[in-house]
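S.K.: A single structure is presented below for examination.
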Amino acid sequence: MRAVIVAVGVAFLVSLFCTPIAIRVFTRLKAGQPIRAEGPVMHQGKKGTPTMGGVVFILATVIAYVAGHLALTTLPDAQIAQVEPTITALVLLGLMVFSGAVGFIDDFLKVRKRHSGGLNKRGKLLGQILVGAVFGVIALYFPSTMTDAQGTLTNTETVGSTTLSFIRDIPALELTKVGAVVLFIFVVMAATNGVNLTDGLDGLATGASVMVLAAYALIAFWQYRHWCADPNYTQDYCYSVRDPLEIALIAGAAAGACVGFLWWNTSPARIFMGDTGALGLGGLIAGMAMSTRTILLLPIIGGLFVIITMSVVIQIISFRTTGKRVFRMSPLQHHFELAGWSEVNIVVRFWIIAGIGVAIALGLFYSEFLASVG
């Protein structure tokens, strides 16, 4: 727990104090956000606001992980507190960094062209598929080599699983490794695009991501306290995951980094996360779902992202089939803007929806544990 607290604190402070530096640097470089002409009229006043702020909280998360991981060396149980970084950490941070890199290319092209059209859809899609495939393979083909004091292998879990999972793996829904990689690519694409579509109002995606990441920190830490690699727990209700403390540490670090960034990103935003931040957060959240064996729980934890994504899907299907639009504008937050809601009201109310999804998911997670124990 100390390591997680260290990671959260370091991430928050790095993000809080480095974001103003990023604002000055990006302003000097004229890295301002272009605004779509067809978007809400009230957004034109945001034109030129520094973007690519996701670089800050991605960097803060990595730095905080290093600090938190070093704190693990003070724990008495060297079996769990390995000094070297785990593959789990490399997969999760890799997903965040390289998904963010795809977004950075998109942001860079937007700034360079002075136009809201950056990386084309095919290029962005290819980048997401490549990131998902590479880290999906790593997650599924590299089992743990953790040993106990007698040199006996105690946990042979991979970061990911070939079994579809809700709160735990579901044995009846076993996939091939190729099928599992394809599933993971889909989850990465869904999560990155979900966060990206949500990132349309000041602080909206950042605040929602804080809740989702905090939920995963709690889930992973609970799994660590009831881990199958711990001989004090029986196989009936322990969790078969790999490196849950590392997962909790990274989730907590990312949540803390987002809180620090939110200080500057809340309305009126002085900086935007850009696709750099949105895709980076989406990649990390996808990795959290995979590594904690909660893939089918993700649509509930990230319920706001699902609702906003579905509003876009519904709008497209409706317009193409009937020629009519269901919403004034999609994604959903812009519909309410055009309906006369203030930006702050929309953000706070959508945060409430995000919080409800997180609360339901945590309730289901804990209820399943109680049912297993009972």
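Each Cβ is built from the backbone N, Cα and C atoms, and glycine gets one as well.
Residues annotated as transmembrane segment in Swiss-Prot, with sequence analysis given as evidence: 3-23, 52-72, 85-105, 125-145, 170-190, 201-221, 244-264, 271-291, 294-314, 350-370.
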S.K.: Between the transmembrane segment (125-145) and the transmembrane segment (271-291), are there at least three Cβ pairs closer than 8 Å, leaving out pairs fewer than 6 positions apart?
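M.R.: Judged by the Cβ rule, the two regions touch, with the required three close pairs present.
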S.K.: Short question: most Cβ pairs under 8 Å with the transmembrane segment (85-105), which of 170-190, 244-264, 271-291, 294-314, 350-370?
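M.R.: When the Cβ pairs under 8 Å are tallied, 271-291 comes out ahead.
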S.K.: Name the range, of those listed as 201-221, 244-264, 271-291, 294-314, 350-370, that has the largest tally of Cβ pairs under 8 Å with the transmembrane segment (170-190).
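M.R.: Between the candidates 201-221, 244-264, 271-291, 294-314, 350-370, the best contact partner of the transmembrane segment (170-190) is 271-291.
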S.K.: Short question: which residues 6 or more past the ends of the transmembrane segment (271-291) have a Cβ under 8 Å from it?
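M.R.: That would be 19, 22-23, 26, 33, 49-55, 57-58, 61, 88, 91-92, 95-104, 106-107, 118, 128, 131-132, 135, 139, 159-161, 184, 187-188, 190-196, 198-199, 205-206, 209, 212-213, 216, 220, 241-243, 247, 250-251, 254, 258, 261, 264-265, 297-298, 301-302.
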